[in-house]
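Inspection log for the structure reproduced underneath, given as structure tokens.
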Amino acid sequence: MQIGQRLGTPLSPSATRVMLLGAGELGKEVIIALQRLGVEVVAVDRYPDAPGHQVAHRAHVIDMTDAAALRAIVEAERPHLIVPEIEAIATDALAAIEAAGLAEVIPTARATQLTMNREGIRRLAAEELGLPTSPYAFADSFEAFSAAIAKIGMPCVVKPVMSSSGKGQSVVKTEADVKPAWDYAMAGGRVNHGRVIVEGFIDFDYEITQLTVRAIDPATDATRTYFCEPVGHVQVAGDYVESWQPQPMSAVALEKSREIAHKVTEALGGRGMFGVELFVNGDDVWFSEVSPRPHDTGLVTLASQRQSEFELHARAILGLPVDPALGTPAASAVIYGGLDERGIAFEGVREALAVPGADLRLFGKPESFAKRRMGVALATGATVDEARERAKRAAAAVRPVSAR
């Protein structure tokens, strides 16, 4: 099937089939975008009733780090495209699936392997591409970890080589922080337990996500790199709590950001959305991380852009034209669960939606935790500052409560 020139009808022999590996809130939005284009979507996650499961044509629950289980589900469903939405996947199995011609992996199996942990992508960015990064060292024992901190110096940031949403991440400021940071990283890592990255602290003015799309240029039929306007964000313990678009920045810094994003995404190859995280201080820019998929800070694009990052991803992977233009200043603010319970309810929705320019996305996660992201408030405004104030006001109005 020549995807992009021809799309089929779901649940029929002509169907264009896409399998998402990871069906959280970001995957859910990708599924909705794909279904609007008539794509048949299969959602896979490690737990039942995940947000994406609730909107997909079919849902499966497997351990995605189990190569045999992953291969079996692909052989059973026979998707045309496999779209990883999380890091905790048996990427060697994806490479074998792609090599066997069973399905195309988005953006590529190699990109998925490189970005599944911080070591692969940091070595690509710093050592192969020569991009500016913070000083760093890797360690797989407490002794090596202590030596890495001595080499990098304090303060420094410690992260498991494989984790997401800030899990296992901490800042080491004094000797008293060293052992707790190691223990926290060991508890927070996914799959590759026992290995961490120690990063030197960068004194930055702000952080951005440069959403970067590799998609077909309809004028040339070749792959082209497109950029969204920069997304500013606030993170607490490595977890996004607020984002806005556009982030004001100098023309020099913007150009450097896009040069870095272009180099790293071109090296990864394939088609789709990439979230390139960068530190900015004045006109200086440092590469931090890249995800070969929509980014959580990019949830703001549901309000700010004509085509959200999820629609851009869907179009790009299907070989369709994209339009990353900004429509209006907008912001997002996270709604946390607030309590540990299954099947919670939300009060204050009416008040939240009464905020001018506001909208909500309640993700439908089956189980809440106090600091689990259960939804997000979105808001537009005449300025970024106005949008941020509205988004935070709407988020604060939503009150997760026990359904008992």
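Any Cβ shown, glycine's included, is placed from N, Cα and C.
It should be emphasised that the depicted structure is a prediction, and the values quoted were computed from it without experimental measurement.
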Out of Asp140, Asp296, Asp323, which is the one Swiss-Prot records at the N(1)-(5-phospho-beta-D-ribosyl)glycinamide site of Glu25, Leu26, Glu85, Lys365, Arg372, Arg373?
-> Asp296
Whole-number Å only: compute the distance from the Cα of Gly168 (ATP binding site) to the Cα of Arg373 (N(1)-(5-phospho-beta-D-ribosyl)glycinamide binding site).
-> 17
Cβ neighbours of Arg372 (N(1)-(5-phospho-beta-D-ribosyl)glycinamide binding site) where a neighbour is any other Cβ within 10 Å = 17
Students should find that the Cβ of Glu25 (N(1)-(5-phospho-beta-D-ribosyl)glycinamide binding site) has, within 10 Å, a number of other Cβ atoms equal to 21
From the Cα of Glu207 (ATP binding site) across to the Cα of Glu277 (Mg(2+) binding site), what is the distance in angstrom?
-> 7
